[in-house]
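Chemist: Here it is: the structure, laid out below.
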């Protein structure tokens, strides 16, 4: 059983296994194992390295836990719980990056720790509520007598509630957050200043003033000195890297999950007959997001790369 309530057999429900089916099943098994091992490696690194016992690594650990559970507990309510938690953890990381870039003076370590812990607790509580609502409140049938198997409730009202709570709402949040990050980064690039010092003559000064270039000019012992805009500061480089990481994380998240959630929403509402093979493809494409999450995050963090090497090689 799985989130879509249909069989995840790649051959569309046929009783025998062709060579193609065996190949697909092998690739899917490799994806599950790789997802489990890679996220397990991230968790082991965070637990082993003392400097990672702080924000934002607690958010990464929460995301890795949900992604490990996606790989290891793909079964009905656990499936919905883990996938929803994985999606909301991506949202929490995007929000943390947004506040650290746009409000780095007010977003102190103490405030950041408190907010991140609250987001982790809210992520798992919301995911549990969405996944267990049919069992707790009898919201639609969770057992198919025709197929003699458990399934996710196909009640249209629950489908709308779960898809919006598990995907469309966090999608709106992450898109809005990245738009704000992009605007903040663009504003900083347009208004950055540097510390280069260049002596200029009065004639050159008049030309520069006419051009209205941003400069700070002062005179010391009849020598004119100006500070000109030139190059990126360390913080600007860090913010660009963070913005790029969040953008790739969100882009992959959208590409992996949007086909499944579109079909999941329209299927019970319009009674569309979507072939089982496409349901399986969209479902496993969504699962693959749990494999890409740790790859994307750690690829932009040299500290993780060094910590990974230290797990296997003594330096």
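Heads up, residue numbers simply count up from 1 along the chain you see.
Every residue, even glycine, has its Cβ placed from backbone N, Cα and C.
What TrEMBL says about a protein is an automatic prediction, not a curated fact.
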Chemist: Checking feature assignment: transmembrane segment per TrEMBL, candidates 84-100, 101-117, 186-202. Which range matches?
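Modeler: Of 84-100, 101-117, 186-202, TrEMBL gives transmembrane segment for 84-100.
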Chemist: From the ranges 60-79, 160-179, pick the one that TrEMBL records as transmembrane segment.
Modeler: 160-179
Chemist: Short question: which residues 6 or more past the ends of the transmembrane segment (282-300) have a Cβ under 8 Å from it?
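Modeler: Result: 2-4, 8, 28, 31-32, 34-35, 38-39, 41-42, 60, 63-64, 66-67, 70-71, 74, 83, 86, 90, 93, 241-242, 244-245, 248-249, 252-253, 256-257, 259-261, 263, 308.
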